[in-house]
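Marked as region 'Disordered' by Swiss-Prot: 1-99, 407-434. What Swiss-Prot records for Ala2 is N-acetylalanine. The compositional bias 'Pro residues' annotation in Swiss-Prot covers 7-51. Per Swiss-Prot, the feature compositional bias 'Gly residues' maps to 58-74. If you look up Swiss-Prot, you'll see 88-99 marked as compositional bias 'Basic residues'. If you look up Swiss-Prot, you'll see Ser307 marked as phosphoserine, on the strength of experimental evidence. What Swiss-Prot lists as domain 'N-acetyltransferase' is 503-656, and the listing cites sequence analysis. Swiss-Prot lists Lys549 with the feature N6-acetyllysine, giving experimental evidence as the kind of evidence. Taken from Swiss-Prot, the feature succinyl-CoA binding site covers Cys579, Ala580, Val581, Gln586, Val587, Lys588, Gly589, Tyr590, Gly591, Thr592, Tyr617. The domain 'Bromo' annotation in Swiss-Prot covers 728-832. Annotation source Swiss-Prot lists SUMO2 cross-link at Lys728, Lys759, Lys791. The phosphothreonine annotation in Swiss-Prot covers Thr735 and is backed by experimental evidence.
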Amino acid sequence: MAEPSQAPTPAPAAQPRPLQSPAPAPTPTPAPSPASAPIPTPTPAPAPAPAAAPAGSTGTGGPGVGSGGAGSGGDPARPGLSQQQRASQRKAQVRGLPRAKKLEKLGVFSACKANETCKCNGWKNPKPPTAPRMDLQQPAANLSELCRSCEHPLADHVSHLENVSEDEINRLLGMVVDVENLFMSVHKEEDTDTKQVYFYLFKLLRKCILQMTRPVVEGSLGSPPFEKPNIEQGVLNFVQYKFSHLAPRERQTMFELSKMFLLCLNYWKLETPAQFRQRSQAEDVATYKVNYTRWLCYCHVPQSCDSLPRYETTHVFGRSLLRSIFTVTRRQLLEKFRVEKDKLVPEKRTLILTHFPKFLSMLEEEIYGANSPIWESGFTMPPSEGTQLVPRPASVSAAVVPSTPIFSPSMGGGSNSSLSLDSAGAEPMPGEKRTLPENLTLEDAKRLRVMGDIPMELVNEVMLTITDPAAMLGPETSLLSANAARDETARLEERRGIIEFHVIGNSLTPKANRRVLLWLVGLQNVFSHQLPRMPKEYIARLVFDPKHKTLALIKDGRVIGGICFRMFPTQGFTEIVFCAVTSNEQVKGYGTHLMNHLKEYHIKHNILYFLTYADEYAIGYFKKQGFSKDIKVPKSRYLGYIKDYEGATLMECELNPRIPYTELSHIIKKQKEIIKKLIERKQAQIRKVYPGLSCFKEGVRQIPVESVPGIRETGWKPLGKEKGKELKDPDQLYTTLKNLLAQIKSHPSAWPFMEPVKKSEAPDYYEVIRFPIDLKTMTERLRSRYYVTRKLFVADLQRVIANCREYNPPDSEYCRCASALEKFFYFKLKEGGLIDK
């Protein structure tokens, strides 16, 4: 390829067309000459390759991450540090040239001014270098040397630069290097849409060199920022909204995870609109194209072409772009960290592999949730949520900050923590934290225990143990273990790329591609073979019906199973029509993993009910997947919509949008391991040894477990004796709790607990109290339907009292109010049948 600086240059009249919002554009002629090709309306694509980089080199994903999305090789706008350094070194090299050599390089991009009739728009060296990048080694051309094109001297091309400062000359030379890089990228880039955007930027920078102006991307794309609040503000709001009630150290952990996520986004390579189109609905593609083009022009390309103004992705984009990219970016991020986990130090490994996935899952709820407050422009938290920590004054009541449950168990949820029973010594001074008195009994201590107080350090220590093979002694666990989850094999095969899942369907406009059609034929064959009583023509009609979709399971390039379904968004449910896995691939967990993927797909589309008619052989499978014969969807919503099968049973499955179904069995397994280790540690703390049982020598054959000495002190509780009556109907539970809370708030002793504690009254309250709560926050939680069981409600009431007693001296007015209120609400709980009398 010819040296870019010696390539034919565009005429001064050729202005770059303002960059428009992406729209269908004619496909340009392959590999056009950047100097003469017309500028089509650009659409987004990956970024260019540096002129100095070898062909086929790829960009990295930024610090600690990998590139998301595919792109062609060699990419300066998505550079790793080495590529950025190459561009910087090239510019430093050019700026260090003698002035005569600088004028020669700028003359290549400067129109001839010998006379008005000369249309030459760039000086052509009569002795061009024999190889690219050899121009810097050649001696500077004389100002009298004639242009190979117009035969006017170089001086006529650079006369306008005679009185220009050295700084301005260097700025123009920086644009020259960027133009050369973009020139190479236009020719190397294979994606048509990408080529168009680079070509536009190439022309824009050439025009700016010619006119000695600064580049400004014009058109209907708008100017940064494009959304408010931006991604960074939304994520920081999320951390404050979800984790502000944590202890400072744990809150800092969440903050570090958020900064790591934002850093990854700023250096992440987005997928092209063509790739996005394959997994999204048509109406979303146009919006994504606009955002993608903005990202290319304002964030991606300027990373190495610093002549263009650069903005951070998380500073100029908001919820719209994040919704488009989050699911793909999250999967690629976690996979990248999983592959490179051995390179991480143990502390970071626990943080990233254990806490980061849950952090992203919770963030996902706020990104796709309909009423998340973190995206409101005026988002604020009560003043009590500040993180400033200073010495505390006299005693104050307990209070809380609004929050929702966080990582469990890894972030502090779960078992009760042990309380110190050391002597408290003298009466605590004002401002001094109380310890438990010497004569406190075990029953008294139990009253102060509140669920969710496992120290973060203990959880991290347990997590390191269960993830360290050397520390986990005992029999080797494997996929052959009797305790392995049904979908464990399928999940591992998916991670290794052995199997793939694709949601596909027939399409008439545009016509489905050949690969999709072949997969649909394969699905038709699988369903026909596995469902012999179903007419083949009927199966073919539904599989190829554009209104139906199929989640296809692909192994070694061929279809081995799938679930055919039809979505009814207006009715709020989906009908599952066919579900089958080829016979020689069964009993491997593929069916369970298929259904879990289907559940997550529907959660993303906000459809939370499945309906299906199951024959006698399929009822067992559907029961294992959470289906029930108890139909909650009103008959009026599905009557006339779904197909009725003779001899089949209608079954329903309600989806929980908070559950990551494809990882659920893995999460439960980890939770069991954590609880088991915590129990082992608890057992090690119990020093008391009881004598052996002598009753068996006297002929007694068995005794109740609760009569074993010391069994209750270990925390054991009898099974099947659930205290209180659990209300199944959510509306009935809501009404009961609402009335109870209103009575508690109207009690004369409730006044200290009505509002969150103000930091002006107790500056260190949130340092001492790790899980604050108050009646105002309980009212907000009740209104948002947070209390799905009575246990959650009772636990918050208990914590109100426990926090007050932990913070304040026992003879304070606040503790007296707490005791009076405690007696009252326990009386009301018993009266309402919520606990045993």
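Including glycine, each Cβ sits where the backbone N, Cα and C put it.
Feature map: annotations from Swiss-Prot on the structure.
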residue	record	Cβ neighbours (10 Å)
Ser307	phosphoserine	25
Lys549	N6-acetyllysine	21
Cys579	succinyl-CoA binding site	24
Val581	succinyl-CoA binding site	22
Gly589	succinyl-CoA binding site	22
Gly591	succinyl-CoA binding site	23
Tyr617	succinyl-CoA binding site	8
Thr735	phosphothreonine	12
Lys759	SUMO2 cross-link	20
Lys791	SUMO2 cross-link	15
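When the Cα positions of Cys579, Ala580, Val581, Gln586, Val587, Lys588, Gly589, Tyr590, Gly591, Thr592, Tyr617 are compared pair by pair, the longest gap among these succinyl-CoA-binding residues is 18 Å. Of the recorded residues, the residue listed as 'phosphoserine' and the residue listed as 'N6-acetyllysine' place their C-alpha atoms 47 Å from one another. In the structure as shown, the Cβ atom of Val587 (succinyl-CoA binding site) sits within 10 Å of 11 other Cβ atoms. Here the candidates are the recorded positions Lys549, Thr735, Lys759, Lys791. The one whose C-alpha lies nearest to that of Cys579 (succinyl-CoA binding site) is Lys549. Each residue contributes its Cα atom, and for Val581 (succinyl-CoA binding site) and Lys549 (N6-acetyllysine) these two points are 16 Å apart.
Broken down with DSSP, the compositional bias 'Basic residues' (88-99) shows 9 helix, 0 strand, 3 coil. The residue listed as 'N6-acetyllysine' falls within a strand segment according to DSSP. Counting residues per DSSP class in helix, strand and coil order gives 72 helix, 0 strand, 33 coil for the domain 'Bromo' (728-832). Using CA atoms as reference points, the recorded positions Lys549, Thr735, Lys759, Lys791 were checked against Gly591 (succinyl-CoA binding site), and the closest is Lys549. For the pair Tyr617 (succinyl-CoA binding site) and the residue listed as 'N6-acetyllysine', the Cα-Cα distance reads 24 Å.
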